[in-house]
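Straight from TrEMBL, the features:
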type: DOMAIN; residues: 119-262; note: domain 'Sodium/calcium exchanger membrane region'
type: DOMAIN; residues: 449-596; note: domain 'Sodium/calcium exchanger membrane region'
type: SIGNAL; residues: 1-36; note: signal peptide
type: TRANSMEM; residues: 108-132; note: transmembrane segment
type: TRANSMEM; residues: 185-207; note: transmembrane segment
type: TRANSMEM; residues: 219-239; note: transmembrane segment
type: TRANSMEM; residues: 245-267; note: transmembrane segment
type: TRANSMEM; residues: 388-410; note: transmembrane segment
type: TRANSMEM; residues: 416-435; note: transmembrane segment
type: TRANSMEM; residues: 447-464; note: transmembrane segment
type: TRANSMEM; residues: 513-534; note: transmembrane segment
type: TRANSMEM; residues: 554-572; note: transmembrane segment
type: TRANSMEM; residues: 584-606; note: transmembrane segment
Amino acid sequence: MNRENGKSVNWRFVLQMQKWIWAFLILVLVLKECDGWQADLGKMVRKWKVAGGEEAIGECIPDDGDQCTIQGNWSSTLCDYVKCNDDNCEGGGYLLWTRYVECASTPAIRIVLIVAGVLYMLLLFIMVSSAADDFFSPSISSIVAHLRISESVAGVTFMAFGNGAPDVFGAIASVLSSPTPKADLALGELFGAGLFVTTMVLAVTIFSKPFKAEVFSSIRDIAFYLVALAFLALCFIFYDHVEIWMPITFLGVYLIYVCTVILSQILHNRHKKERKETEIVKPIDVISVISLDDDEDIYISHGHHILHAHEVEKIEAAIEEAEILKTWSIGGVFEDLFEHLKPWPNEDDWKEMNVFQKAICSVNIIPTFFFKITIPHNEQPWSKPISLLHCLICPVFLLFCIQVCSISPFPNSPGLWLYGLILSVLLLALVSFFTELQKEPEFYKGIASYAGFLMSIAWIYLISSEVVNVVTMLGVVSRVSHEVLGLTILAWSNSIGDLIADVSVAKQGYPRMAMAAAIGGQLFNLLIGFGLPFTIAKIQGKSISMIINPTYRLLMLFLGISLVFTLIAMFAQKFFLRRPHSYCLVFIYIAFFVFIGLSLDCLLVWN
């Protein structure tokens, strides 16, 4: 549930932002459809050999480019081209939106499919946010508590992974879900989200509550971000494709960053211990309040709640215990399943929600039900029927999410789905014979946390692949490049959650945490979002082009400007960030889109 400790978030601002963005997108697509957008829109090459007549179906010669480069009128030949080049024209998900739209029988059906695709993408964004906040983050929190990982390490690894899951898995899906990696879509989303968060989100945070920034951690995060950005810019300048050492270097930079955080934490704790030993403790009557100024305490965003890592165990202990099933009976089993799988909130939580939250919750009822039957939840009490249901469904559904059900591991062997069923039967037997109906097993919380972590990753990857499919279709229909779609649609949608969470954190009195999440979170997304998927893609032998076009240049330039400006402004303001700082950040973001418009209209030409 999204409760803000009694303080409300300006949901109206977020709702209006999303409404205008999507209204503008739908309007542009419909106008293009109705206004004869079939005219020649540039130098797009389509490799196609027609075998007799204009309307005849041609011989399929796949395009060796990395994008769906179609041109000409809307006709059956375009449908044939999309079917032939599905690697380029689709995003890698199960629903082939580009084929549905290009092969529509009438323009009216075509428009309906485009609008349906946009609405479907909105639902996917809600689903990925729910999967990350309500299932993925709790599993990570429990794993951190179970492994007793220090808070400094957890904050820059597991917790950062939980908060950046939509961005990172969006990049992974863009690169790995299709035989043709959508590298420009992935980089556009990473750069676009980074620019949006370090300008607009940070600006709204400062405007909501001016604050004194933490000196060392702020300089550390900005410095590492600038180093990563400069290194990637050099790769763009000297190479036109991704070499395997590039993403590995990014992973190495991230490892150095983690080591820096750990080392600074050790030195800070040592200094604090020495300071305490030299202090003379005097009794005082005033009740002291624990300060959040120390960098040693790393707090986490858990479903938009602000929690300390130690509080995870308290939450698990304070969970409202549902009545445990006593005997095997049809009525009792169905009542137990209903209690654990009901996808709507209880009456008290519903009353605390505002209109926007209620609308999101209503839309998310069906997805939440499917999440609950496929993702073990460590925050729910023990239920043997639910555990048996998870054992039956999860192995095969995991293979379905990563799209390997039909792959045969050996020649002339059945697909992996059969091996998944065998694993399901084994798990069913283990749970049936070695667990009791009324007593929770000692290992239940731990196994549920790791299994929930794995299944949440599978769900987020599946949703991200479908998002890439829809975004690819919108790019084909509108003739907009992948990097522009990444820095707008994907970046805005994945960053709305950051905006809500960071503003909420700032209003609750933790603006430093909000700034750390804005900069440090995007640093994690860039290092891991570029390092992990591109390393895997190169190991798989995929060829990934990396052409530096004006859009990428402007993205990296303005992202660097925003970071350098914040760094200089912090020193100029003696690390107390004020509202004029936020105005300048908004101006930087608006100026970026002005330059993008000039570049796309060829009024701004890079030499």
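A Cβ is built for glycine as well, from the same backbone N, Cα and C atoms used for every other residue.
Bear in mind that TrEMBL entries carry predicted annotations, made automatically and left uncurated.
It should be emphasised that the depicted structure is a prediction, and the values quoted were computed from it without experimental measurement.
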Which of 388-410, 447-464, 513-534, 554-572 has the most Cβ pairs closer than 8 Å to the transmembrane segment (416-435)? 388-410
Interface present between the transmembrane segment (388-410) and the transmembrane segment (513-534) (three or more C-beta pairs under 8 A): no
Could you give me three numbers for the domain 'Sodium/calcium exchanger membrane region' (119-262), the DSSP helix, strand and coil residue counts? 121 helix, 3 strand, 20 coil
Best-contacting stretch, by C-beta pairs under 8 Å, relative to the transmembrane segment (108-132) and drawn from 185-207, 447-464, 554-572: 447-464
How many helix, strand and coil residues does the domain 'Sodium/calcium exchanger membrane region' (449-596) contain under DSSP? 126 helix, 3 strand, 19 coil
Which stretch, 219-239, 447-464, 554-572, tops the Cβ pairs under 8 Å count with the transmembrane segment (185-207)? 554-572
